[in-house]
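Below is one structure, written out as structure tokens; comments come after it.
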Amino acid sequence: MKIAVLSRNPRLYSTRRLVEAGTQRGHEMVVIDTLRAYMNIASHKPQIHYRGKPLEGFDAVIPRIGASVTFYGCAVLRQFEMMGVYPLNESVAIARSRDKLRSLQLLSRRGIGLPITGFAHSPDDIPDLIQMVNGAPLVIKVLEGTQGIGVVLCETPQAAESVIEAFMGLKQNIMVQEYIKEAGGADIRCFVVGDKVIASMKRQAKPGEFRSNLHRGGVASLIKITPEERITAIRAAKVMGLSVAGVDILRSNHGPLVMEVNSSPGLEGIEVTTGKNVAGMIIEHLEKNGGPNQTRTKGKG
């Protein structure tokens, strides 16, 4: 197969591994800088140009679209879909998963366990918002943040009020969530491919920190997940419409709670921790399911 990898940086671990795994399995892998591709939208024959030439003959596309380029990245991916190229994850699903609020609303509607969550812009009754999520300690998140940036743990109602007021002053939409103390600063990243969790790891925040992101100095280790956690991760990915996803779960006293569903999960942490060839399994999934004109939405979304 001829497979495009949409990525800003061919040197990133995840991009390198996908190219390696695809090449080893006999595919032609082409890395395309998402922002440098440009499109002919209104022709009877949809096209994407790159470095002065049309991109042609692709069977599948692997989107590795960073959060900051979601809008343009999804537009390029949608154009590939219009051209009948099979996407590993569809543009509609990626856009959906990048909207944290919409994601939680969809997961909640399907009865998937979530932390109690409030959403606000400039609430006229801050104490009531704080009470809504069972009071302090609580976590406040900026809607657009990634890698643990824009996430604050407030230990007291006073601290929570100050932080909410500060974000209001910045005209930010915020999420206010109950703090799951029993998780002990750890979460579980379940790596879903198709309808299986193919690998999972525990991420433990460094001492004195509550954010377990590896970018924040969190430490990854092997973990055996429960059947309930496995089912939750697979269902969460399915609700979002993602074939490949990193589902972040907290262990709480009332079962697994989904924190986030990531449409472009990094491979380095999970491969190094588990020793599994995750990139190879992703390519294998493409071989089984990919092929021209196999996209469900046909670029409609």
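Cβ from N, Cα, C; glycine included.
Averaged across the domain 'ATP-grasp' (104-287), pLDDT for the predicted model comes to 93. Marked as domain 'ATP-grasp' by Swiss-Prot on the basis of sequence analysis: 104-287.
If you look up Swiss-Prot, you'll see Lys141, Glu178, Tyr179, Asp187, Arg211, Ser212, Asn213 marked as ATP binding site.
The Cβ of Asp248 (Mg(2+) 1 binding site) has 21 other Cβ atoms within 10 Å, all protein chains considered. Swiss-Prot lists Asp248, Glu260 with the feature Mg(2+) 1 binding site.
Per Swiss-Prot, Mn(2+) 1 binding site is recorded for Asp248, Glu260, and the stated evidence type is sequence analysis.
Cβ-based neighbour count (10 Å, all protein chains) for Glu260 (Mg(2+) 1 binding site) stands at 19. Glu260 (Mg(2+) 1 binding site) falls within a strand when secondary structure is assigned with DSSP. Annotation comment: Swiss-Prot describes Glu260, Asn262 as Mn(2+) 2 binding site, evidence class sequence analysis.
As annotated by Swiss-Prot, Mg(2+) 2 binding site applies to Glu260, Asn262, with the evidence given as sequence analysis.
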Round to a whole number and give the Cα-to-Cα distance in Å for the pair Tyr179 (ATP binding site) and Glu260 (Mg(2+) 1 binding site).
15
So of Glu178, Asp187, which of the binding-site residues has the fewest other Cβ atoms within 10 Å around its own Cβ?
Glu178
Set of same-chain residues at least 6 away whose C-beta sits under 8 angstroms from Lys141 (ATP binding site):
Lys100, Gly150, Val151, Val152, Ile174, Met175, Gln177
Would you identify the secondary structure of Arg211 (ATP binding site) according to DSSP, in three states?
coil
